[in-house]
């Protein structure tokens, strides 16, 4: 025989259990391995609180189950307010979990009571609630909301987590000191519940609870309460009930009218209390005609008789428990009980609205003192919170029921009397679910409710798409709503103020609601991870949806691109915040069929993989594995898909073009292996001579046709709108491309003469840290992902970036990196503009994604606050050293410690410069007046692609000048061309000096310095006659070394300015008779100071870099390759592949590295220097600063003597000019 103690309210007795009964309880509660002995210790060791056995409904239920129910009965989420006292409940919460022996005794007690009185329905209710309590304990604790464990899918593996906080010291987590730890904890199901669900061990207890509740309802005479026709559920108008609630609050006293219903304030991130005015806004904002649709339903039946207020079934908590049990049977055990579940939650909602109305009537009838008013306000707040919870449960259940109904899993539930078409009915259920979730989130804002609202839209869109909805616009509207809500939810949960906001909300919670809030209302990492996963699936549906209207399709493409931007940015921020999301969404984007979206996703994930912040993250290895698989799959897929299209394209070319390709000497097999390069080269060479040929898909960076249509659409829309004043937008400046860390260890090793580089950055940084002057806009970097021409509806993220404190940049500068072909190196710092708040530091790290350059730069947000502070301190400490040179050294690209060449000292490393912004000039750059009478003795020197060059004498000072006369060839009737503002910004001894410019009779006159030594090409030609071009006088290595040294000095200057020449050749290198070498002709020059690689294919045949031909982003490193071609021209008399056809030369330049035909006739230093310049990989190609330290250039002084000797006693150039005199 076994015995145990039980303490009732009025007596103390020992209940004796039979051996058979005890063994049955052991098996039921899994106590086989526990030794149960007679307890002789004091009674408080068994249970510290009393177990009251009152006769009132709610009090009796709460008395036996006070330590195990979800909600407390006094103001907390408990039974309708008819409880005993707050003190006993508080003591119950502070106590540890009561021993299992007490539950066994209670169950035995209820069994005896039912044997004595089979009609004791209250004992049935208590017994069912006891079993429900034990089910909740197995699921993770008494405060776990079963509906929130539904991850809004049909059937998924239940997350596992050892969640034991409900067993010991759960009250300690109520304090704010432990709150931060609770935020990141995943409140999920325990391992035991996971195992019991898989083995269906919970199926019998769940049915047992539902059976006892059903029997109790029948015994109490309330069976008619369940006769709720389905038409009542569908036609139930929540707006009407909400209006009644608003009217009651309007007519109540001022103290009670200001109910603490939480709402989101648009101007603040904190949680505030709202008045009845907010409830009026809620009822007015919800459009009932949109939510409820017309369906042919039978009239609603007469209402059931009024329930007994003393009946257990007047308690909304009891209906909620019943609904929770049915919800578990529906979702996790796949039983068709959704309709019954909806009925239970619906009944709970009805009772809550009636209680609210009844309390309002009692308040109006009675004269209340201050204590009664506080009690009424407390009860009113409790009802509103409980109403929000039940509405959320009902909305989740209706949404799942809607999909199941459409899937025809629940056809057995329909009766012939109702005669409702499923095709319309499931849409009404969805509308009711949206309405319920919207109202729940309005009266009690919660990110968890917002997440379930997004998944309700998502689920309905998937159902429409799965079962062949005719209206693609409807699917697209639903799925974009879902994606937008996902984005807003995650954006708020990932903000820096989120933890502070949660702490404030926790402090505002009553003591009896804190445990429920911590377990169910905190948007923890588990919710964030699942939100990203569901958002990725929704985004996949959005991208795959095709609209019929052409204008809407254009708008959809822009919106899809912005949605992908938002998703990738949020994904990166989540990983950096420590969340471990699913990779399904990003992998799907990386495999997207649209190339722009695919590149954007691969770039962003590649940047994330290279971030040092996630190396120790658990997702890092999986992310790297997935990216490896994606790259392999994309490569194979692209090869397979492009093979047939390449062959078709080649055969569809015009006959002249096919003949041109055959005459080039390239075989079809070679072309097919590198078809994109071949096609780009063919089009580049023949676009002006062979018309009507197809354009390579990647030749131009944008779809002009779509942009034109979009512009026409915007113009038509703007005709009916009033003109608004233009917004002052911050300058757009994307990334400079390389990610590196600051290294000041080798600053003293750089002896490069770079005094012309602006060195204001460090001073600005120092001033920014000390509250000095505001930095100038020319040195600012403001990052915005979209252009200013975007439509207003797509500017949400740009506005957020400029307004939100989350993205405020550091006042002392942001770190930019250069990962394009831009010279290697180190991190550079710049300062922010006046529009950026200096109160927070959030490091923007901007990179290209991988070593293999892609078409576009990628903007990535990486949190490097600690690194920024450390690097800023290092900079301040080394101001004296860095003030002489603005180049910050770094050996990050030489991690393997292997020198780039044995002829370059190991101390010489790659550098990254900070190119200042070049100011765009206007018409004021032109001098006034006409230039014709200002010059005399005008002689034509030569003709170029865009104009002529003349020699003249300036009358004012009799100095010789060169006049470059260009045809006006600019857009939008503006004479300003890039050559003007680029060349006018240059001031260096190795660059032809710009003097002034004029605008005369439709021509642009550019007055330049005259170089009397001619060009390098002229020096190569021994006789200087056009009729004998092959008679060349090749240069000695020392002469080549001198010319290259002078050119490298000029290239260092251009690189410091961020200028790419793009046409460096022998005819554009001018000489003076004093031995100076100067770079001329900036007609094709551009700037990379905007921080992105250029992609335009231009230049002169035989001097174009491989990355330019491959249509990859390039920068100043392309000029180093052109310098190598110039070396070959001076040494060999011809450029690389000069004896081949133009197409073959371009093709081979892009895919092969050039080799000298006879390298043995040159010194090893010369060959090494040449191959460094001609390296096809721009990342391995040295910078001009590094090349200046090459051993080959040590003989440059002797080369200058050779050059001066060639000019001595030579009047050939002057005679040639006089013979070719051409008057103006």
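Every residue number used here counts from 1 along the chain in the order it is shown.
Every residue, even glycine, has its Cβ placed from backbone N, Cα and C.
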Among 902, 964 - the residue Swiss-Prot places in the same ATP site as 941, 942, 943, 944, 945, 946, 947, 948, 949: 964
Out of 480-509, 510-539, 540-569, which range is noted as coiled coil by Swiss-Prot? 540-569
Coiled coil according to Swiss-Prot, located in which of 292-321, 322-351, 352-381, 382-411: 352-381
Would you please say which range out of 252-284, 417-449, 582-614 has the annotation region 'Disordered' in Swiss-Prot? 252-284
Region 'Disordered' according to Swiss-Prot, located in which of 15-56, 57-98: 57-98
Taking the Cβ of residue 943 (ATP binding site) as the centre, count every other Cβ atom within 10 Å, in any protein chain shown. 9
Distant-in-sequence Cβ neighbours of residue 949 (ATP binding site), under 8 Å, six or more positions away: 940, 941, 942, 943, 962, 963, 964, 965
Using a 10 Å cut-off on CB atoms, tell me which of the binding-site residues 941, 945 is the least crowded. 945
What count of other C-beta atoms do you get within 10 angstroms of the C-beta of residue 947 (ATP binding site), across all chains shown? 18
Within the same chain, and leaving aside 941, 942, 943, 944, 945, 946, 947, 948, 949, 964, name every residue whose CB is within 8 angstroms of the centroid of the CB atoms belonging to the recorded ATP site, in sequence order. 965, 966
Under a three-state reading of DSSP, tell me whether residue 945 (ATP binding site) is helix, strand or coil. coil
Looking only at 941, 942, 943, 944, 945, 946, 947, 948, 949, 964, which the record lists for ATP, tell me the maximum pairwise CA distance in angstrom. 14
